[in-house]
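S.K.: Take this structure, written in structure tokens, and hold onto it; I'll ask about it next.
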Amino acid sequence: MCVKLPILYLTACFGTFCPGDHMENICGYLMKYTNLVTGWQYRYFVLNNDAGLLEYFVNEQSRHLKPRGTLQLAGAVISPSDEDSHTFTVNAASGEQYKLRATDAKERQHWVSRLQICTQHHTEAIGKNNPPLKSRSFSLASQGSTNSPGVQRRPSQNAVSFFNVGHHRLPTGKRVPIMQPDHLVDVREMMSQAEGQQRDLIRSIECLPASGHLTSLDQDLLMLKATSMATMNCLNDCFHILQLQHASQQKGSLPAGTTISWLEPKISLANHFKNGAAQNFPAEINKPASVREEQSIAEPCQLTREPEEINPDEELEDICDDKEDDLGAVEEQRSVILHLLSQLKLGMDLTRVVLPTFILEKRSLLEMYADFMSHPDLFIGITNGSSPEERMIRFVEYYLTSFHEGRKGAIAKKPYNPIIGETFHCSWRMPKSNVATDAGTNSSAHTPSEQVTLPKELEGQAEPDYYTVKFVAEQVSHHPPVSGFYAECVERNMCVNAHVWTKSKFLGMSIGVTMVGEGVLHLLEHGEEYTFSLPCAYARSILTVPWVELGGKVNINCAKTGYSASINFHTKPFYGGKLHRVTGEVKQNMTNTVVCRVQGEWNSVLEFTYNNGETKYVDLTKLSVTRKRVRPLEKQGPFESRRLWQHVTESLRDGDIDKATEHKRALEERQRNEERLRAETETPWCTKYFLKDGDGWVYHKPLWKTVCAAQTQQTDSN
């Protein structure tokens with residue numbers, strides 16, 4: 001008997017299954033991920049409960065033929081994916097994996113439930129038919145120097161015997177007692193001990209020499225590392241289920257949207273991810289104080305997701321200057337890089353790959369976006385252009401000069417991956433006399449057509465002799481990783497709003513990062529909007545001295561004026577060619593006339609050639625950099641970037657990679673666990689500063705809304 005599952009809808013049975021359900025076969029279409037070239041394909045799957053097999057065919061009509069693929073479910077692990085609500089994986093004991101995608105969440109749940117039941121049934125059957133092995137242990141010392149045939153193995157086989165492996169049988173005739181809720185604390189302690197032993201195992205493997213009879217890159221040892229990590233992840237998932245069951249027993253049935261708290265602070269910053277008020281949890285005495293702080297931050301105030309107005313007067317000029325020119329760590333950690341490369345495949349998505357800590361910059365990705373604004377004089381000067389043509393050219397000049405300061409040094413290092421809900425605030429103060437203006441005009445003067453309508457809160461205040469550019473960024477999504485950032489200069493009626501989704505891939509001896517998203521610059525004085533995209537970034541020569549280059553074509557468009565710009569970031573060819581080369585042109589679309597051409601290097605000298613024959617050179621190495629202004633750590637919120645990552649940053653500055661890794665792991669672990677909790681309890685994530693708008697994200701209180709409201713109020717009063 002086979003229950004056929006339609007593609008668009010399934011009648012799924014949730015909760016407790018009756019014994020008859022165990023033997024009910026199901027079949028239907030699922031999407032199966034094949035490879036990077038082919039991608040996802042529809043295949044017809046059949047779950048054979050009697051045989052414990054998952055089979056698939058090209059289509060339903062070919063099911064009488066030999067299956068295209070078969071997985072033994074005994075000992076398999078069925079895992080719903082956290083990348084979306086439709087995908088799940090079937091990991092067979094043989095190491096083979098099917099990555100599958102259902103039509104919707106209900107269909108996925110039905111398949112996952114039935115697969116797990118079948119897997120459990122056949123796994124238990126194997127356990128009954130095959131008694132456990134007798135206790136045994138291996139060690140290199142026990143091998144001795146004997147020449148018996150049983151000891152003569154290929155070198156990689158000795159890798160297994162490097163560690164003690166024990167199998168223990170439970171006393172016969174004794175029934176395993178049912179786990180009581182108050183035993184969960186003991187289980188947690190045992191789990192912590194197992195995690196410590198697993199870390200010691202990994203450390204022992206990584207301390208082996210990179211060459212010789214037994215190396216850290218031995219295939220069996222790499223498999224042992226992967227297996228031990230997968231085992232601990234599986235145990236953590238099982239423990240998580242026990243905690244949920246205990247919580248449900250205490251609270252009764254769980255209504256939709258309920259957030260379940262852990263029995264002890266396994267997941268830190270729970271309050272932040274629940275978008276609720278602060279709660280106090282007992283600290284874990286076995287962890288360092290700073291790690292306990294990261295896992296359970298006790299704040300005197302309530303932690304909310306309400307937008308916070310940052311007072312620029314509280315911000316101080318940034319004195320932090322973390323240049324990333326240290327090659328020592330990269331040289332010392334060469335074996336770690338080799339080990340990481342041995343586990344990557346060409347084209348693999350690195351979004352979920354945990355990279356070693358020593359390659360990190362001492363700043364968050366959100367702060368890196370802020371550093372693109374390090375030339376606020378050029379940014380503010382855009383709106384001072386006397387014509388649409390000049391404003392477009394000024395925007396191209398600002399755009400091309402922003403990437404140089406966004407990089408901290410010549411070494412390609414990776415900024416911290418922001419956790420969901422992380423924010424970064426800063427501002428810049430730029431003397432009005434330093435902002436480029438048109439010939440014969442003053443920086444603080446405006447033509448009649450460019451009168452500035454100030455928001456109500458700024459009216460009546462004495463006009464300062466400087467412009468203020470305010471910046472805010474927020475990590476609005478974790479999977480996919482999307483950041484939103486917004487900057488505004490109220491005095492000049494201009495703002496920019498952007499969202500970026502970073503997609504990184506392994507390309508062999510380099511790593512490529514695609515910046516998916518769009519930005520819009522609003523010049524409200526002129527009623528103009530400039531849409532733009534960002535180039536791809538590449539970390540080259542990752543085994544020697546890694547360096548960064550940009551590549552790809554980006555476009556800048558202004559629909560109102562009809563001006564556009566096309567910019568090409570050229571990657572270095574294999575033979576010859578210059579590094580960091582960029583070319584571009586600005587044209588009037590109506591007449592298809594090129595009004596300006598640009599060429600040069602985005603981190604060195606740029607040459608602008610105008611259609612009247614004039615030429616302008618911009619030396620980026622001599623451009624003045626305006627330091628951003630940031631609130632001191634003690635005034636920052638617990639989820640602002642610098643305060644959130646302060647222990648990681650301090651450890652990196654001290655050169656303590658192990659300690660930095662520990663702090664980083666604590667932050668990442670709580671994010672994964674809280675995301676799983678939100679998915680299980682169907683609790684949506686609420687952003688703080690940005691709102692979803694179609695496929696993008698928009699700042700909750702953009703300047704164009706504020707100015708529009710002020711103009712409307714002024715009109716009504718007149």
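Placed from the backbone N, Cα and C atoms, the Cβ positions cover glycine too.
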S.K.: Please identify the range among 573-593, 657-677 that TrEMBL labels region 'Disordered'.
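M.R.: Of 573-593, 657-677, TrEMBL gives region 'Disordered' for 657-677.
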S.K.: For the region 'Disordered' (657-677), what are the DSSP-based totals of helix, strand and coil residues?
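M.R.: For that range the per-state counts are 21 helix, 0 strand, 0 coil.
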S.K.: For the domain 'PH' (23-120), what does DSSP give as the number of helix, strand and coil residues?
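M.R.: Counting residues per DSSP class in the domain 'PH' (23-120), I get 19 helix, 41 strand, 38 coil.
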